[in-house]
Structure formats: structure tokens, C-alpha cells
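Pasting a structure below so you can have a look.
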């Protein structure tokens, strides 16, 4: 370029900037986050989910359906799936990023309480203020071979009809037949059964590391200093007098259990190689006509959209996705233009403006078959609940 033109360049640049962008005007038009056709976005999201599910399950391709037994799912599998689904539904999405190990699917296992007929219960004095629940640690270790693989453990029990309000406490069996306090709940009167849940992740990790053959919990009425009657008024399904016939089987299936979520051994070695990070939420975005960054609805039918028949529950789910511009104010009286120029110099392929990305995500429990065996797993970060500009 001739020297005379070089001398004019500093004078022309301010005029060019004024033509392109007036002071205080949103600079969203300069974003390299391209506007994409909605249908194209949905198709790309569906294909991404196809790969995401297979990746989380460590499957190179969808399982064969040739050996799947006909008929409905086994009752035990369906009960485990329902328990997992109910737990997820009861939790709100966390806005913080999940730790690296939470990227891969967790294998969900239900370990039932040792039956009431076991001798361990006969060795404990029967009292009106407490009931006891013991578990076989060999069953726990079979489900989770390494304590470090355990992501979460919950003690779940079904409370039957309750006529009076009662404060209850949970204790862990400790050394020398003593009991260590864990947590408490205030139960209100109800005519319908209700599932109670206690987080016992730390306790189960201890049992997996150095527990005895049988370990247990004590579920007690709160011992109030000013009350003479500390009787436990709560009746727990599966604990109590033996039933006969079909009722005995139902009674046994409904007894308290531990719900374990753990990373399978075959996936543990891959934890270091992948990361997945997780506002504008569904309550706002689904009820407004917001054009900027927001959660957009997307329902995926496993059979229709992915051509999959190997996932038995659920039939589909609301995956959702984030879409919309992220405008910002760019004034000529700021230093932002200098920063942006330097940023683009070092990151020529990056966006010049913030992009709309997921902020909070929730897991998806599924039931699928591997050969003739039905499995329940929880896939993390599958449902977009809120978005942000980043």
C-alpha cells in the first residue's frame, strides 16, 4: 500500500466504526454465533443425543434386540426404575458444573433389607420406640466392588398410613453394639403411603471398605425429655408380622432397601478422559416469546427419532436445547474494541460474542436390555433445564 494511503488509514477507521456501529447500540450482529434454521438445530441435537447415550453406556453401537424376552419388564426391574425416576423427579437441577466422574452413566442397584426372619433380629431386644433394618454387605460389595465407585446411596422405605405427627431419627450400627445418630425427619399425618429417603452415602462407603457381614440402621421415634410416651407410631411396609400366600411376596418386595448409584468398573478407567460441564429456565422460556438466549423445547421419541427399540423405559423424553442471540452493549468510549481485536487475533475461529449454552442439566433414568438381561442406568446431563450466555 502506498505511504499516502497509510497516512489516511487512521482518519478513516473512526468513520468506518461509526457507520458499522453507533455508540450504545447492541453488537449482537457482530457475533459469529451463526443464526441456524430451527429444524437443522433439532436434527443436530437429536444426532448428538444418539452419540451421547451410546458414549455414556460405553456402547459402540445399539444392542441387538434378537434375544430380548417378550412381555412386560420384570417387577423387580420396574420397581428399581420407578424408584430411580421418582428420586430424580424430586431433585432440582444444580447450576454448578458436575464433577468429571459424573459424566458417565451410573449403574443403579437395589439391595433389599435382610428378611425379618434372619437371626440377627432375634439377637436385638424388641422395643416400642425403634425398628431395625440390616443389610448383607456381601450383596453391597457385589453391586459396588470399590467404595470409590459409589456415587450415592439412599435408604428408602415406604411409610404407611400415619394418624399423628411424629419426629423420627435414623441411627447407624456402630462399634460395641452402640448406635450413631445420622439424621431426622418430621413426618406429618397422611392417609396415603409415602416413600421416605435418607442419604447414607458415607455410611455405605464405610461398609464397603471395612464392614462386617451384616450392618444395619435403627429407625426410632425422637426421644423427648418432656414426653413419657416415645412409641414409634410409624408403620413401615415390609417390616412386621409375616403374611401368607401372595401377600407374603408383595410384603417382601416392598421392604426397605438401599438404592445404590455407582460407576461400573469397566467405565472407571475412562473417567479421566472426558469432561462434561453443566439462568434462563424452562419456567420462563416455555411461557414467553423470548427471542434471545433461552431453553427451547425438544421431545425425543426413541423409536421415531432414533429408530431404537432397545430402550424400554421411558419411551422418550424432553431433551430441550439452548438457542438465541446473546446481545451486549458495545460503546466507542470503552476499551472493549481493543480487547476484542486482541482476542480475535489469538482466537480467529472463536465467537466474537457470548453464545447461548446450557447451564443446568438433569439426569435421565432408562431401562434397556443387554442380551436377555434388563438393566437400569441413570444417564447424567441429558435434560436441559436452563441456559446462559457464555
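Each Cβ is built from the backbone N, Cα and C atoms, and glycine gets one as well.
Residues annotated as disulfide bond in Swiss-Prot, with similarity to another entry given as evidence: 285-294, 293-356, 322-387, 326-389. The feature N-linked glycosylation site is assigned by Swiss-Prot to 82, 136, 176. Summarising the annotation, Swiss-Prot assigns region 'Straightjacket domain' to 30-74 and lists similarity to another entry as the type of evidence. The annotation region 'Arm domain' is assigned in Swiss-Prot to 75-271 on the grounds of similarity to another entry. The region 'Bowtie tail' annotation in Swiss-Prot covers 226-252. As annotated by Swiss-Prot, signal peptide applies to 1-29.
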Quick check on the disulfide-bonded residues 285, 322, 326, 356, 387: which one has the highest count of other Cβ atoms within 10 Å of its Cβ?
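Result of the Cβ crowding comparison: 387.
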Return the residues near residue 136 (N-linked glycosylation site) by Cβ distance under 8 Å, restricted to its own chain and a separation of at least 6 in sequence.
111, 114, 213, 214
Can you grab the distance from residue 322 (disulfide bond) over to residue 294 (disulfide bond)? Cα atoms, rounded to a whole Å.
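With distance taken Cα to Cα, residue 294 (disulfide bond) is 6 Å from residue 322 (disulfide bond).
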Express the predicted model's confidence over the region 'Arm domain' (75-271) as a mean pLDDT, rounded to an integer.
80
Under DSSP, is residue 82 (N-linked glycosylation site) part of a helix or a strand, or is it coil?
helix
Which ones, of the recorded positions 82, 293, 326, 356, 389, have a Cα no more than 10 Å from the Cα of residue 285 (disulfide bond)?
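Matched recorded positions: 293, sequence order.
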What recorded positions among 82, 293, 356 are found with a C-alpha within 10 angstroms of that of residue 389 (disulfide bond)?
293, 356
When you rank 294, 356, 387 by Cα distance to residue 326 (disulfide bond), which of the disulfide-bonded residues ends up on top as the closest?
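With Cα distances computed to residue 326 (disulfide bond), the winner among 294, 356, 387 is 356.
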Give the three-state DSSP assignment (helix, strand or coil) for residue 293 (disulfide bond).
coil
